[in-house]
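Undergrad: Have a look at this one before I ask anything.
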């Protein structure tokens with residue numbers, strides 16, 4: 001039993017091999033999407049590990065399954081994908097950060113990227129309270145949060161977004177912005193707690209019209225009242241990038257299609 005529990009999302013696992021592969025040293029929930037349904041418990045080096053396998057689809061759905069199966073005894077929860085390899089002693093680093101900064105409700109830690117494909121977020125240089133604009137490029141891996149805060153505010157991932165859905169990205173950004181909307185005190189730590197070897201993106205196919213349409217949906221979800229103004233600035237910036245072959249108006253129309261689609265979804269939800 002440990003104060004920190006790691007919530008891992010993975011696919012097509014048959015056993016607890018990931019626990020060793022990831023150098024996990026704490027309690028863990030391994031949420032596994034496959035073609036069967038099962039729930040298995042195992043005690044590994046005095047740590048409680050749950051492998052829960054479902055036939056569900058979607059990364060956000062899988063993260064929510066991990067959340068719903070977290071331990072009652074855990075003080076802190078940390079999100080992780082299955083491509084992380086944790087550093088020895090990571091639990092002490094995380095618990096000490098919360099002990100040294102009791103005002104923090106959640107803390108985002110650094111990851112050491114060991115692959116050619118680099119992380120979108122810049123390394124955290126000093127411990128500080130996160131600013132809303134800087135988390136737009138953050139992923140939730142290596143984000144630790146007090147379990148009582150997660151439960152108090154009923155935090156979960158938006159299952160309409162993320163890998164395995166038609167809206168293939170944005171779930172992490174939406175989650176981080178929810179922390180700010182609910183005034184949860186998010187901090188950033190310069191401590192490195194794991195290595196990550198990023199493989200080729202499973203969803204990014206370039207800056208095409210579909211990408212900007214999905215991005216429009218994400219922006220609309222986060223900023224429903226300001227989205228139309230925000231995408232004008234974003235469309236202008238992307239139209240000037242070397243790796244984007246679309247013009248300003250094409251990008252803007254794609255953004256607007258996404259905004260319209262997201263607004264229609266919410267209108268239909270109210271009617272239902």
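Going from the start of the chain as shown, residues are counted 1 onward.
Cβ from N, Cα, C; glycine included.
Not measured: the values here are computed from a predicted model.
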Undergrad: Scan 190-210, 211-231 against TrEMBL and say which stretch is down as transmembrane segment.
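TA: Checked against TrEMBL: transmembrane segment maps to 211-231.
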Undergrad: Who are the long-range neighbours of the transmembrane segment (211-231) in its own chain, taking Cβ under 8 Å and residues 6 or more past its ends?
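TA: For the transmembrane segment (211-231), the far contacts come to 158, 161, 167-170, 173-174, 177, 204-205, 238, 246, 251-252, 254-259, 261-263, 266.
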